[in-house]
């Protein structure tokens, strides 16, 4: 299992919208994530800095990357693009984090 962590951001006045849209996420999106090998997916919000910290365990990098090509993921990105910085393809602007410590 691969562990992935990343940082995104949310617009300062959109914290509540971001949280509401994730509780719960669309059932079809949850199904795609699970079917593509995503486990233990969490997102944490730092309200003071408008930062989102994501953590997910994936079965393979290729399966994780394939999620972006699904129709439901494309719709989700568009749905979220008004509450967070997004790339031209509507994917969230994100930065992968480098692992520095792990305790099993």
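Cβ atoms here come from the backbone N, Cα and C positions, even for glycine.
Over in Swiss-Prot, the protein carries these features:
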type     : residues       : note
BINDING  : 18, 41, 76, 77 : substrate binding site
ACT_SITE : 22             : active site, proton donor
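Overlay of Swiss-Prot feature records on the structure.
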residue : record                    : CB count, 10 Å
18      : substrate binding site    : 19
22      : active site, proton donor : 12
41      : substrate binding site    : 15
76      : substrate binding site    : 21
77      : substrate binding site    : 17
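Here residue 22 (active site, proton donor) is positioned 12 angstrom away from residue 41 (substrate binding site), judged by their C-alpha atoms. Cβ atoms within 8 Å of the centroid of the Cβ atoms of 18, 41, 76, 77 (the substrate site) belong to the same-chain residues 21, 22, 25, 29, 43, 79, 80, 92, site residues excluded. Across 18, 41, 76, 77, which the record gives as binding substrate, the greatest C-alpha separation is 17 Å. Residue pair residue 77 (substrate binding site) / residue 22 (active site, proton donor) shows a Cα separation of 12 Å.
Here the Cα atom of residue 76 (substrate binding site) is found 11 Å from that of residue 22 (active site, proton donor). Residue 18 (substrate binding site) carries a helical DSSP state (H, G or I).
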